[in-house]
Amino acid sequence: MSEVRIRPRQVLILIIVFLVVLMMVHRNGKRTCQGPEYLQAMFVQGDTLPTIYAVTPTYPRPAQKAELTRLSHLFMLLPHLHWIIVEDTNATTPLVRNLLDRAGLEKRSTLLNIKTPSEFKLKGKDPNWIKPRGVEQRNLALAWLRNHVDVDRHSIVFFMDDDNSYSTELFAEMSKIERGRVGVWPVGLVGGLMVERPLLTEDGTKVTGFNAAWRPERPFPIDMAAFAISMDLFIRNPQATFSYEVQRGYQESEILRHLTTRDQLQPLANRCTDVLVWHTRTEKTKLAAEEALLKKGQRSDGGMEV
């Protein structure tokens, strides 16, 4: 049998090829993300960060898919978020199911549904503040969380309305919430102010009050987007739910009074000086031309999902 000789140069080439292939496999198997450092860190450390359960009540309306599509992009970017969508319907809808499927979020989402009692539904031209909204939906989400979340693993609950605007950096801050704490931060464009924010001690470690202009006497005069809650607090306080029986603007205080006190709040967002969420609201859709078509038995979106 003839002897096979491999020259040193051939050995070197084989080693180089092997190393290149190894680097490519390693690179393809590793999570990568382009963007600011906090986003890269969250992307790489997603498996070690506390899961953030974002609870979004939603209801059928012309802009619903647009609102949820915008929010879905946050979840695509942030691997440690789990989206709990609760529809105000008698059954979950194809529109929301299709949206989650197209966004690739089926494994990082939970879709629930419960109808708001008719006596608490807005009617006609009712202003959106006249009745409490999302009470049934948020309470159903809390019941699901108490029954399904691993109590031994730290996780966080955030009530995420579908029409607000959120920076990805907000969720980096939220990930810092300690067990047994409620994290707080400023919210822009709310309560008649450019920003509502907690007021802190000089060292920035304690909340001493709030700058709220509307009903500042509330126990917690903050917006629903201004806080997130360590899940263990909900486990230890099963009575913590939202209620129809509270005054207008007191839903936040109603849930927080069961869970914490002002002096136990955890200030975040650079000592509550960074605005990372805005209380925006989509203008009511004007569809006069569509209504004229419907009167003729026609529609612009026949066979389409808008």
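In case you wondered, yes, glycine gets a Cβ from its N, Cα and C as well.
Record features (Swiss-Prot):
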TOPO_DOM  1-11  topological domain 'Cytoplasmic'
TRANSMEM  12-29  transmembrane segment
TOPO_DOM  30-306  topological domain 'Lumenal'
BINDING   ASP163  Mn(2+) binding site
ACT_SITE  GLU252  active site, proton acceptor
Residue among recorded positions ASP163, GLU252 with least C-beta crowding, 10 angstrom cut-off: ASP163
Integer Cα-Cα distance in angstrom, the residue listed as 'Mn(2+) binding site' to GLU252 (active site, proton acceptor): 18
Where the residue listed as 'Mn(2+) binding site' falls in three-state DSSP terms: coil
DSSP three-state assignment for the residue listed as 'active site, proton acceptor': helix
Average pLDDT across the topological domain 'Cytoplasmic' (1-11), rounded to a whole number: 62
